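Here's the structure, in structure tokens; my notes come after.
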Amino acid sequence: MNPEVYSKPQRQSIAGVLLIFISSIYKLFRSFWAIGAYLLVSGPSRTTLLYIGLALLLIGFLTLIYSYLYYRKFIFYIDYKREEFVLEKGIFSTENTAIPFDKIQQVYFKRSILQRIIKVYSLVIETAGSNLKEVEIKAVSEEDANILSKILLKAKAENTEKDSLKEESEEAEENKEVFWTHKVGFLTLLKIGISTNYLRGLSLVFAFVMTIYNRVNTYFKDQVEDVEVYFDQFSGVLQSLGFLALLFVLLLLLSISITIIEVFIKYYGLTIQQNRDKMEVEMGLKTNTKVSLQPRRLQLMRIKTNPVQERLNLYEAQISLSSSENELQKNKIKIPGLGKEIIKKIKYFLYPESSKSSFCTIFKPDKLLLFRKISLAMLPVMIFLAIWYFLDFINLKLGAVLAIAGVYTFAALTLQILAFRARKLIITEEFLQKKTGFWNKTEETLELFKIQSISVKQPIWYRRKNLVNVVFHTAGGDLRFYAVETGIIQYVNYVLYKAEVSSKHWM
């Protein structure tokens, strides 16, 4: 494979004309559908319909011409002398974008349903250090997408000249051996949908029902009053425990169904494949995304699970990549449905030196943090008791109120104590690890040399007990640990020293 082939201007696949045409028609439809609906509802005459049909044909023809011109004016190439990827586009005004190799952060693929039908890929190039967030070439063949991705990533990693790039590209061709592949199947996706985010789905259903009720109440007020009178006759049925339980179960099932559908749309076809120097992750039904992960770009890794998922051997890996402050959420890759063995393989690839640490120090927060968490957890029950005592809004007897307050207090205290015991910060020779959560368990890991800075703050109420809050800043997000003893300061200095003397590249 000779990388010089891309030193001359290249166009997208000819299928890109169809992609541009359909995208443009869709944008026009979204902008003017209301006018079209009004014209159809108003009962236009045959003459008017004829004019509308001719206008639509003219718009379609002009859009087709625009699509072809845009395709012709959209060119890209690699300038090896300046070490840049160059993109030129525009019909009426030309936009020229040059991305230096050392500014390239990530190169990955995306495919919508339409792109899969016409067999083209979107090649996305993410950049850093500029206002330009990303460059996207929406219609390239699979071969061109793979070759371009390899050349640009090698150029970024090695920062070599043209001849070296050729050698590296040929070497990459020879090292295509796949070490392991993991595919998330239908049953696993179903388990993920059942065991995660059903409360969020329930809230969406509740919000939808309340929105419909408000709309009906606004536009059909008289009819609603009649319905309310009708239902008052059956108040015994509506207030029965069986009816409420049935309603809750139906809403819960509906929320779980919504979550399952969402999971299938996001993660259908999830495949992980690792070779010598990278790990590829591909997923998505509506928009299929393929990302290549390299250890040097990894900033922060989170492993999440809960007791239900743990029993099902389901873990979620969240990988934070280097990015600007405004792009942190976008540069987090979520990979759900992983078993323990797969998690170990991912960790071994991303953190090959994790087992070489010569010391391990564990820090836990002071009980002052527990007191603060319990105080915040008690606020709702205090507000509930105040409303019950001073206002007539809640019409309950003393026994019922005390029972509700007692159950809530016991549950809140138990959860806060268990969550406090699970919170810990672990510092080793090369790594920093934070563990939190009793129900939703989270394990965060980062390499010391990738830490950009550390913030140590001591509020006034911490001084008497010699406590501080510590925040470790990275290009992929922050790791925070609160109410820890000042003895951690010497380890903070050690972390800063490791980050300063390391010669490894962290982006």
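These residue numbers are counts, starting from 1, taken along the chain as shown.
Using N, Cα and C of the backbone, Cβ positions are placed for all residues, glycine too.
From a predicted model like this one, the values you see are computed outputs, not experimental measurements.
Residues 12-29 are the range that TrEMBL records as transmembrane segment, among 12-29, 120-137.
Outside the transmembrane segment (49-71), and at least 6 residues removed from its termini, the chain residues within Cβ reach (under 8 Å) are 11-12, 14, 16-18, 20-21, 24-25, 28, 39, 89, 91.
Taken as a whole, the domain 'YdbS-like PH' (421-480) shows an average pLDDT of 92 in this prediction. Residues 365, 367, 369-370, 373-374, 377-378, 380-381, 384-385, 388, 436-439 of the same chain sit 6 or more residues outside the transmembrane segment (397-420) yet have a Cβ under 8 Å from a Cβ within it.
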